[in-house]
Amino acid sequence: MTAIHSTHIAKPATVSTVMLKVLAALLPGIALSVYCHGVGVLLQLLLASLTALAAEAAMLRLRGVAVLPALKDLSAIVTAWLLALSLPPLGGWWMIVVATLFAIIVAKQLYGGLGNNPFNPAMAGFALMVVSFPAQMAQWGSPQLPLDAAAQWQWIFLHTLPAGSVPDAISSATPLDVLKTGLRQGQALAGLLPQSSAQGLIALGWLAGGLWLWQQKLIPWQTPLAMLAGLLALALPLWLWQPAQYASPLLHLLQGGTLLAAAFIVTDPVSGASTPRGRLIFGFGVGLLTYVIRVFGNFPDGIAFAVLLMNMTVPLLDQYTRPAVFGHRKGRS
Amino acid sequence: MMPLFDFPGGIHPPENKAQSSATPIRQAPLPPQLHVALRQSMGNAARPCVAIGDRVAKGQLIASADGRLSAAVHAPTSGVVSAIAPQPFAHPSGLPELAITLDSDGEERWIERQPLHDWQQRSGAKIRDFLAQMGIVGLGGAVFPSHLKLGLKLGVSPLETLVINGAECEPYISCDDRLMRERADAICDGIAVTRHALQARQVLIGIEDNKPQAIAAMQAAAAAHGFGVVAVPTKYPSGGAKQLIRILTGKAIPHGVRATEHGVQCFNVATVYAIGRAVLHGEPLISRIVTLTGAVEAAANVEALIGTPLDQLLALVRPHRDSHEVVMGGPLMGFTLPDLAAGLTKAGNCLLVKSPALFPPRPPAQACIRCGDCASACPVSLQPMDLFWFAKAKNFDKAQQWQLFDCIECGACSYVCPSQIPLVDYYRFAKSEIWAAERDKNAANLARQRHEFRQFRLQRDKAEKAQRLADKAAQAAARQAASHSAAANVAPASDPKQAAIAAAMARAAAQREAAPLPEQHSSGLNDAKQAAIAAAMARAAARKAAADEAKAASGQPPAPPPSSSGLDDAKQAAIAAAMARAAARKAAADQARANQQPDP
Amino acid sequence: MSQLLIAVALMLLLALLLGAILGYASVRFRVKADPLVDKIDAILPQTQCGQCSHPGCRPYAEALAAGSDDINKCPPGGEDGIRKLAELLGVEFKPFGADAPQPKAKAVALIDEATCIGCTLCIQACPVDAILGAAKQMHTVIASECTGCELCLAPCPVDCIRMIPPGSELTNWKWRYPTIPIRNVSSGATR
């Protein structure tokens with residue numbers, strides 16, 4: 001078979017290079033995450049990558065698609081890394097494996113592989129875990145855990161600890177979780193505010209990666225900014241109205257993977273809107289829903305559900321936000 | 001400094017113009033034989049008006065325009081017409097086209113050139129007709145006949161702006177650049193003629209700012225005429241007519257709307273140069289400047305005669321040994337030439353030699369990830385990824401709703417696509433499928449109309465025939481009645497009432513006779529009846545024969561049943577009989593043939 | 001008990017009301033002509049060839065609308081045509097019968113003008129009046145109006161009509177579907 005290509009020159013960009021750059025943009029955040037949570041993060045990344053590659057290869061083979069070219073686009077690794085970074089760093093090995101398998105097999109390949117999945121695979125995997133294993137998903141190790149690499153790995157694989165360790169630190173909840181539980185129990189907000197700034201520090205890593213991707217023209221500005229705006233649109237007025245009841249906008253921005261989502265998840269082109277106005281609406285919707293689910297819903301963090309809900313609106317968004325074609329007036333189709 | 005506007009999207013591919021733009025335009029040597037294709041413009045191919053063996057002079061009309069969109073073709077040099085036959089043609093299809101082959105005699109003997117010296121006194125219509133005779137077409141690539149672009153209703157709305165397109169935005173191509181640098185005065189003369197024909201209020205010459213020498217040369221030449229020379233930012237495809245109009249005037253002209261409706265018209269610099277040569281020097285369009293570049297030893301611009309075989313042109317610049325194909329046009333909109341024996345056409349602005357080293361093959365296409373790069377590169381704000389999806393799924397209705405036909409096929413989307421999808425090819429595929437479906441639909445509608453008219457005609461003929469017979473019978477009856485009454489000698493003229501009754505009875509009888517009769521009804525065996533019987537018999541025979549034939553030579557469909565239009569008159573019956581006889585004969589012959597063949 | 005009665009009465013009332021609305025709508029918004037025949041006719045290729053054993057495309061469309069014939073009787077429409085009919089009529093796709101006429105490439109009739117004796121038989125057979133000529137005069141086919149029905153072949157007493165597939169020309173040339181090569185990397189390496 002020969003390709004018919006009437007365009008004889010092309011930009012030297014491929015899907016693989018795009019994905020590679022996305023992976024590179026994750027590195028600062030990963031480094032900070034390792035600094036805060038320990039090398040367990042690296043093990044999670046490794047487990048996720050291997051699972052994703054194996055699942056992708058098996059599914060491609062089953063679907064009768066050439067395996068290597070599709071595997072080399074690296075999109076499975078991106079999904080795997082995003083999942084690994086969203087799950088608790090010291091979660092059991094089976095958690096990341098199950099989540100990745102679901103993301104790759106069900107959310108991606110069963111829909112037809114890269115480009116055809118209506119839902120963000122990483123968020124689908126995350127949502128599955130939150131719904132199925134809420135207790136385990138709530139256990140984030142407290143930052144600067146006094147555990148060395150070997151201990152962390154032992155914990156991830158065997159769920160046991162070397163003698164003398166403090167299991168409490170491992171099962172500490174996320175700040176958002178603490179906040180929610182505390183508020184439910186009628187405690188004052190001031191007493192609940194997170195003890196550390198680890199999440200905030202990591203968030204800066206995601207921010208840096210996102211800015212670099214934007215500078216490389218790999219992600220648009222509309223979706224991330226609109227998402228943050230959507231989040232703030234609720235967080236700010238409510239906080240100003242009742243600062244004792246509602247957490248500060250800053251907390252919402254820096255906690256719970258908000259910036260990871262803004263830079264790397266809502267910007268997933270496949271499952272997101274692709275027109276400029278559509279991206280604004282999509283991002284804003286994710287932000288609003290995230291806040292609503294975080295504050296009024298049952299789950300500690302709502303990003304995954306917000307993204308999945310907005311994914312459903314994408315076909316309509318894309319259809320109704322098409323820009324006016326050159327010379328035609330808006331609204332005419 | 002006048003304000004400039006921007007168009008959406010656009011790309012900045014490597015320009016690669018320096019290779020060919022460094023040296024002056026050379027004259028290509030006179031080829032011994034030229035293949036002048038008759039399809040040199042949009043619309044119909046021209047009709048040859050010379051015969052094989054004719055001796056023609058340089059510039060002589062050899063094929064005249066056939067219809068509005070067609071353009072005349074002239075002999076590029078003096079010589080003898082040696083063939084008028086299909087030849088390889090510079091078209092992506094690779095289909096041969098009718099061409100006039102001219103054996104040059106080397107004399108370059110011109111016909112008597114008749115310039116339009118007093119063009120300043122002539123009307124736009126006169127200049128228009130003159131250009132039509134001169135075979136001037138747009139040389140930017142679309143080869144739209146230029147005289148049609150001068151055809152706006154003058155006086156109703158005098159043209160506001162005449163835009164001259166010297167942007168030349170596509171990489172590698174530099175023929176307009178060289179032309180502007182070397183022949184700026186002649187270009188301006190051509191612009192003056194065009195402006196006069198259009199009565200344009202202002203002239204803006206748009207040149208991309210990557211051609212400073214061309215801008216300087218044009219500024220020097222245009223100053224005397226009062227034309228504005230505007231440096232526009234380098235961005236592909238600013239050389240698209242509608243894009244350049246947008247940049248210079250701010251007017252966005254949608255697909256399907258003519259620029260003149262917005263008071264603008266746009267001509268390529270090479271086209272106005274040709275207009276100038278035609279009007280001021282009486283030279284029809286028989287040569288053009290071609291950029292020969294890419295994987296070649298010495299890229300250059302040459303002025304070559306239309307019809308020069310492309311391989312001979314390429315030999316001038318010595319293609320690299322590893323070159324594997326040649327593109328006509330630029331790297332973004334050009335097409336791969338299926339056969340280099342084809343003659344140069346008026347559309348041939350550039351021959352781009354490809355080699356794997358210079359143009360590495362694109363990696364295999366991957367899945368579309370809807371990154372939207374194509375949408376941000378699209379100069380007409382389409383959603384290329386959606387169009388791709390619809391074209392791939394052959395969902396052409398949807399593609400049209402998404403305004404597929406606004407696509408100018410500039411290739412910007414294919415250029416930026418990280419998945420390496422041949423987007424433009426999908427759009428071209430979808431467009432030609434839609435056109436084909438349109439053709440089929442029109443053909444079906446035409447057939448339906450004609451069939452319905454035929455049904456109506458048969459019905460009408462039948463009715464008319466019946467009426468005629470009735471009238472004849474009535475007349476006969478009236479005559480009979482008259483003679484009878486005369487013989488009886490009973491108050492011949494005094495009983496009109498009786499005569500009228502007789503006539504009415506006769507008419508009724510005639511009508512009965514003329515009305516379609518069931519087969520076993522009438523006892524009178526008139527001609528029609530006999531013929532009908534014969535026909536029926538023959539039909540039966542034919543059917544039997546056809547059945548036999550079908551058995552003998554299976555695969556042949558049986559003869560279709562005779563037309564059901566009613567065997568009520570002698571003629572149709574006779575025809576049916578003849579048809580049946582013929583079918584029977586044919587069947588018998590077929591059977592005989594079948595019998596002759598030895599059994600396998 | 002009364003609650004039950006009320007419920008039943010309510011449901012009855014609602015049913016009556018909705019029935020009345022539906023009945024009114026069916027009368028008020030009735031479409032006059034039977035558009036189905038027109039819709040079917042629009043799908044049929046209008047060759048008027050009679051291969052469906054109906055005298056023309058419209059009678060076949062009427063038969064299809066009445067449900068008295070199958071959708072796989074139109075070879076010139078091809079399988080694409082069957083598919084469209086199946087979709088319009090809401091029935092299953094049905095391939096052409098094995099012994100029925102099969103679709104073939106479209107062609108136009110061409111009269112060998114040297115052999116033609118001017119009998120006018122083909123003119124009368126042509127369902128779309130696409131043949132020109134008069135008695136004892138040579139006939140010719142208007143190629144652009146010929147539907148390729150082949151009805152003129154049989155009547156010709158001297159067999160001077162042939163079917164010519166229309167050549168590929170620039171005017172009807174089509175861009176191909178761009179094939180996307182999926183190269184097998186391992187086989188590429190061995191080559």
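Positions of Cβ are set from backbone N, Cα and C atoms, glycine also.
A TrEMBL annotation is a machine prediction, not a hand-curated record.
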Annotated range (TrEMBL: transmembrane segment) out of A:12-35, A:60-83: A:12-35
Of A:145-163, A:278-296, the range TrEMBL labels transmembrane segment: A:278-296
Residues from the same chain, set at least six apart from the ends of the transmembrane segment (A:246-266), whose C-beta lies under 8 A from its own: 22, 25-26, 29, 82, 85-86, 120, 122-123, 174-176, 179, 189, 193-194, 199-200, 203-204, 206-207, 209-210, 213, 219, 223-224, 227-228, 231-232, 235-236, 238-239, 272, 282-283, 286, 290-291, 294-295, 300-301, 303, 307, 310
Intrachain neighbours beyond the transmembrane segment (A:278-296), with Cβ under 8 angstroms and 6 or more residues off its ends: 176, 180, 220, 222-235, 238, 246, 252, 256, 258, 261-262, 266, 272, 302-303, 305-307, 309-310, 313-314, 317-318, 321
Contacting positions for the transmembrane segment (A:12-35) when only residues 6+ beyond its ends and CB under 8 Å are counted: 41-42, 45, 72-75, 77-78, 81-82, 85, 89, 114, 201-202, 204-206, 208-210, 212-213, 216, 218, 260, 263-264
Surrounding residues of the transmembrane segment (A:197-214) on its own chain - C-beta under 8 Å, 6+ positions past either end: 21-22, 25-33, 35-37, 143-144, 174-175, 220-221, 224, 253-256, 258-260, 262-264, 267
